[in-house]
Structures are given as C-alpha cells and as structure tokens.
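The following features are taken from TrEMBL:
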| type | residues | note |
| --- | --- | --- |
| DOMAIN | 2-278 | domain 'DUF112' |
| TRANSMEM | 42-63 | transmembrane segment |
| TRANSMEM | 98-120 | transmembrane segment |
| TRANSMEM | 163-182 | transmembrane segment |
| TRANSMEM | 194-220 | transmembrane segment |
| TRANSMEM | 226-246 | transmembrane segment |
| TRANSMEM | 253-271 | transmembrane segment |
| TRANSMEM | 309-327 | transmembrane segment |
Amino acid sequence: MMAQNPLKSFLSALIGLGLATVGVDANTGVYRFTFDSVHLSDGVQFIVVVIGLFSVSEILLMLEHTSSGQTLVRKTGRMLFNAKEGVQCIGTTLRSAVIGFFVGILPGAGATIASAITYMTEKKLSGNSDSFGKGDIRGVAAPEAANNASACGSFIPMLTLGVPGSGTTAVMMGALTLYNITPGPAMFTEQPDIVWGLIAALLIANVMLLVMNIPLIGLFTRMLTIPLWFLVPAIAAVSAVGVYAVHSTTFDLILMVVLGVFGYILRKMHFPMSPLILGFVLGEMLEQNLRRALSISNGDVAILWDSNVAKILLVLAIVVVVVPPVLRLLRRQRKPQPDVG
C-alpha cells in the first residue's frame with residue numbers, strides 16, 4: 001500500500017488513526033476532539049467515514065466531468081480465448097495465483113500490488129517482453145489471477161489476527177463490528193459458521209462471477225454510456241439514505257459531506273484512501289492493546305520489543321518500509337544516463 005508514495009501513505013494512515021481517537025476515552029472518560037458535540041461522543045461512525053471518503057469524494061470527482069459518459073474503447077478482437085491460448089496461460093495462471101495469494105496475506109498490500117508484481121514477473125519470464133501491452137494473453141491472465149487470489153489471501157490476517165489485509169477487508173471488518181462480531185482467532189471457536197460461510201462464499205462467488213460476467217459483458221459495456229450527470233444524483237441519494245438509516249440524524253449527513261470534501265482534497269493531492277481506512281479500523285484496537293501492554297509493564301515501553309515475536313515483526317515492518325525505496329533508488333542509478341552535448 002506504500003508502494004507508490006510511502007510518505008503520503010503514512011500520513012494517510014495517521015489521519016485514519018486520528019479519526020479513530022474522536023469520542024469519549026473508554027478508560028478515562030475524557031472527551032477527545034468532540035468540539036462539545038454530543039453526536040461525536042461515541043466517535044465517528046464507520047459507515048459515515050467510508051461513504052464520505054469514498055462515495056462523496058467520488059461524486060465530487062465525477063462532477064468535474066458531467067457532460068457525457070465515459071469514452072468507450074473500440075472493439076478490436078474477440079471476447080473469449082481459444083484452446084491454444086488457454087493452454088498457454090496455465091503456467092501463468094498458477095504462478096500468478098500463488099504469488100497473488102501470498103501478497104494478499106500481507107496487511108495493506110492489496111490486489112493492485114499483487115497484479116503489478118505478477119505482470120512484471122510474467123513479462124520477465126516470457127522472453128518476449130515487447131509483446132506485453134500489445135495483446136499478449138499472458139499480460140491479461142497474470143494480473144487477473146493475482147487479483148482474484150489476493151482477495152482470498154487478504155481474509156487470512158482478518159480472520160486469524162483481526163487485522164484487515166486490504167481496504168476491502170477493512171470495510172468488511174467494520175461491517176462485522178456493527179453486528180458485534182469481532183474478527184480474530186476466537187471466531188473459529190465461537191462463530192465457526194461465519195468463518196466457513198465466508199470461505200464457502202469466496203468459492204461460490206468466483207464461480208458465479210464467471211457464469212454471470214460472460215453473458216452480461218455486453219450490458220456492462222453499455223453502462224459506460226450512461227451520462228455522469230445521471231449517475232451523480234443517484235449515487236448521492238443512495239449514500240444519503242445509507243448514512244441516515246444508521247442513527248436517523250442529520251448530523252451524520254453533514255459529517256458525511258465534510259468528510260467527502262476532505263477526501264476529495266486528499267484524492268486530488270494523490271493521497272491513497274486505503275491506508276486511511278486501515279488506520280481508522282485498527283486505531284481503537286491499537287490504542288487498547290498499547291494501553292494494556294503499558295499497564296502490564298508499569299509504563300515501561302521496552303515491553304513493545306522485548307519478546308522475540310515483537311522483534312521479528314519490527315524487523316519485518318522496517319524491511320517492508322525501507323526496502324522498496326532503496327530498490328527504486330538502485331534502479332535509477334543503474335539506468336544509463338544520456339550523454340549531454
């Protein structure tokens with residue numbers, strides 16, 4: 001999640017952590033960042049944050065281009081692959097699915113990173129990288145297989161550790177908490193029906209997507225012709241109804257709009273939204289466990305890195321943050337510099 005701009009991703013996560021601190025402190029009873037508003041005493045509601053940052057900000061972005069629908073890409077070939085292309089993609093699909101699954105396990109990595117890694121991997125293994133981006137079927141199979149596999153992998157940290165593996169699982173984790181369901185290892189013993197239901201749903205969903213998407217692809221392409229001026233009020237109405245239905249207060253609607261404008265500004269400045277949602281979802285959990293650890297150690301912060309598990313996790317975190325920018329710097333230095341003069 002920090003691949004494109006680590007600093008902006010880090011700042012976005014900090015904003016999410018800040019939003020998670022709004023409300024009454026559960027331990028001390030102190031009001032934090034409520035601005036004397038009773039509506040904020042219970043904190044900012046998850047659904048308000050998600051709809052505001054994603055839906056309302058997207059509406060504002062769409063308002064910049066409301067004159068027409070999206071530009072359709074002209075059809076240049078057939079929709080289905082043939083038997084030869086299917087056999088050619090078997091190795092690519094298996095490799096990309098394995099890579100995508102393990103990338104999905106990493107918290108915050110997501111489908112985008114998995115798709116990018118597998119695309120570059122297949123491009124290097126192909127021996128004919130020039131064909132990628134010009135119709136090579138492997139360039140389509142690799143990122144799509146990784147995309148689907150990473151979605152399955154992202155469920156592992158959510159179900160086993162209670163840590164969302166992506167922005168999507170963060171939203172799902174927030175939805176589960178609305179029903180007093182806490183994702184984590186206890187789910188396997190206390191609510192196994194939900195755990196295995198989610199796993200079964202993933203298998204069924206992949207089959208249903210294949211069955212439904214192929215005959216409906218013509219309809220999906222026609223939806224791109226719908227003018228944005230028609231979509232904007234429809235999305236706005238659905239978003240407003242969804243937020244108002246939670247507590248039936250206009251304050252939530254106002255806060256949704258405020259967060260939407262804030263999200264619009266962040267997106268215009270190319271700040272990623274997924275780290276913000278992850279920070280918001282994990283904020284309360286992080287604070288409670290930090291306080292519990294400091295209480296056990298009588299305020300000694302050394303408890304945070306005393307155990308071997310903590311040391312390993314800290315090293316992995318440092319590697320994940322430091323290695324990507326170092327590799328990018330090395331690649332830039334290896335590129336031949338053009339002669340001047």
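Any Cβ shown, glycine's included, is placed from N, Cα and C.
In this chain, the transmembrane segment (194-220) lies out of contact with the transmembrane segment (42-63); the count of Cβ pairs under 8 Å, excluding pairs fewer than 6 apart in sequence, is fewer than 3. Cβ atoms under 8 Å from those of the transmembrane segment (163-182) belong to residues 46-47, 50, 104-111, 150-151, 153-157, 191, 194, 273-274, 277-278, 280-282 of the same chain, restricted to positions at least 6 beyond its ends. If you look at the transmembrane segment (194-220), the same-chain residues 6 or more away from its ends with a CB under 8 A from one of its CBs are 79-80, 148, 151-152, 155, 159, 181, 187-188.
As a whole-number mean, the pLDDT of the domain 'DUF112' (2-278) in this prediction is 79.
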